[in-house]
Amino acid sequence: TSDWNSNHPNPNQLRWKPFSIPEQGKASVDFVDGLNTVCGAGDARTRHGVAVHVYCCNISMKDKAMYNSDGDFLIVPQQGSLNIVTEFGRMHVDPNEICVIQQGMRFQVYVSGPSRGYILEVFDNHFVLPNLGPIGANGLANPRDFKTPTAWYEDRDVNGFTIISKYQGHLFQASQNHSPFDVVAWHGNYVPYKYDLAKFNTINTVSFDHSDPSIFTVLTCPSTKPGTAIADFVIFPPRWSVAENTFRPPYYHRNCMSEFMGLITGKYEAKETGFQCGGASLHSMMTPHGPDVDCFEQASKAKLAPQRIGDGCMAFMFESSLSMAVTPWAEHESQALDKEYYTCWQGLRKNFDPSWKP
């Protein structure tokens, strides 16, 4: 979708419980049929904007392929592995891995069971590695760890192979009499690719204060404004926390970015309860947010010894400089919106003491 005017603006903190996967035996839903848009901004026609989708499916695409005329897909599996056939070859993408399928590339998704995940779509530019600046030549997501498919083809006649085109936010279909995956060889650098999030080389503070989450950027889609992204893909990987004289969790803040978060596995460090695998949250521009009460209390009293955080967990964020609109599906039809989310901060109390001295 790209009709962001179909629902009213909603600046509140939003959280979704895990999006429902169709039950086996009750409904057969493939990757395309299981796509739903959560939020976004901009316009595919003017090639400026971003959209966030989720997919929930339980069967493979049979004699069916899709391509996106509007932009690039960054796919984040949360449950179930994806076997993706493209015109360039095949990719096996597990949870804790991501893949990028760029504009115009035809692809087909096979699943082995109930599957769920998230998609970040950008209309402007392509995803690139962030500028490392003073970090130097190496760190974060290293180029050597990205994988591209080996050429593979099938020469297969089909009595009706369906091609789905996503064009200006709508889906169109056509039929042909052969598989589109008949490309025998390819060369060049405009290709789909995958990346294992476990290979991310984490950079963080080793002295004091909480570093901005941009330090965890895997891929970015830059805007024309220096230092500002149409969208960043950020992760919160397992790592050491060693900051001294510091409230270590993400601090309470308002900012000029829209923050959509999802959880692949484990328990997110800033939310003790409520933020579940397969669910999501959206904190819009200038809407205050931060750790829940339990996280605040524990972190405020914790001894600041070096400690591991995030082990067994992988949370991520789609961060955008654009103001997101939420779709009617996400707010109502999905039946996943947690209307009690705001209560996780209700127990916070004032702790200021003007007489306190370190």
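Just so it is clear, glycine is given a Cβ too, placed from its N, Cα and C backbone atoms.
Predicted automatically and left uncurated, TrEMBL annotations should be read as such.
According to TrEMBL, the protein carries these features:
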| type | residues | note |
| --- | --- | --- |
| DOMAIN | 2-197 | domain 'Homogentisate 1,2-dioxygenase N-terminal' |
| DOMAIN | 199-352 | domain 'Homogentisate 1,2-dioxygenase C-terminal' |
| ACT_SITE | His210 | active site, proton acceptor |
| BINDING | His253, Glu259, His289 | Fe cation binding site |
| BINDING | Tyr268, His289 | homogentisate binding site |
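Comparing Cβ neighbour counts within 10 Å across the recorded positions His210, His253, the minimum falls on His253.
Separation of the C-alpha atoms of His253 (Fe cation binding site) and His210 (active site, proton acceptor): 12 Å, rounded to the nearest whole number. Using the Cβ center of His253, Glu259, His289 for Fe cation, the list of other same-chain residues with Cβ within 8 Å runs, in sequence order, Pro250, Tyr252, Arg254, Asn255, His283, Thr287, Pro288, Gly290. Separation of the C-alpha atoms of His289 (Fe cation binding site) and Tyr268 (homogentisate binding site): 15 Å, rounded to the nearest whole number. Every protein chain considered, the tally of other Cβ atoms within 10 Å of the Cβ of Glu259 (Fe cation binding site) stands at 21. Most Cβ neighbours within 10 Å, among the binding-site residues Tyr268, His289: Tyr268 holds that distinction in the structure as shown.
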